[in-house]
Amino acid sequence: MEATQFQTMLEERGILLSSRALAQFERYYELLVEWNEKMNLTAITDKPGVYVKHFFDSVSPAFYYDFSAPLALCDVGSGAGFPSLPLKICFPHLRVSIVDSLQKRIRFLEHLITELGLADVALYHERAETFARQKGMRESFDVVTARAVARMPVLVELCLPLVKMGGTFIAMKAASALEELKEGNKAISVLGGEVTATETFTLPFDEGERTIIFIQKMRKTPNQYPRKPGTPNKQPIQ
């Protein structure tokens, strides 16, 4: 997939990219490959692969969810900025917060957002378990996203505490997600969420199946969650 194909395929989904946005995606690709030589950001470095498996995949929640409002979005464990920064490029009015536990990735993201000229992007070098307990962060985001971070019972404990009442947690998963979702049902309920939709689609050029799970925050998350760092992984709610 080249940039023009990417633009056309997003247009078919109702997402129109400006010339500035196209240039930002091009620069994003260049910086990703450049910095990947110094640190492990991605195993995918060929241009068609990055455009399909990172950029197109990251924007895919917008095929099913309305990002046209000035939403506050938190991306947990975004790595090289996925999915939040491709979404930010497409929807510049989003207010984005990125939480990642590795300082070297934060350094890359700092450079990236400066180079791309992205405003209203805040970076936090934190564990999600700690970040979600901070006053002003807990239950304060309209949308929380996570892409390939952890299995559902763990992921829900890291992310749902950050979602405001009535807001949405968007979990981006591979093809096996529906089986995984069953494992996470108890955690979703305990943490105050309710699954409102699951959407499955195939990436362009048959590059793999993806499932996006939308969970709405219906009740406040009990104060004991998230538990201390490492506990959700070792003892998931099941």
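Just so you know, glycine gets a Cβ as well, placed from its N, Cα and C.
Residues annotated as S-adenosyl-L-methionine binding site in Swiss-Prot: Gly77, Phe82, Ala128, Glu129, Arg147. Applying an 8 A CB threshold to same-chain residues 6+ apart, the list for Arg147 (S-adenosyl-L-methionine binding site) reads Asp57, Ser58, Ser78, Phe82, Pro83, Met172.
Taking the Cβ of Glu129 (S-adenosyl-L-methionine binding site) as reference, residues of its chain lying under 8 Å away and at least six apart in sequence are, in sequence order, Glu157, Leu158, Pro226, Arg227, Lys228, Pro229, Gly230, Thr231, Pro232. Secondary structure from DSSP puts Gly77 (S-adenosyl-L-methionine binding site) in coil. Reduced to three states, the DSSP call for Arg147 (S-adenosyl-L-methionine binding site) is strand.
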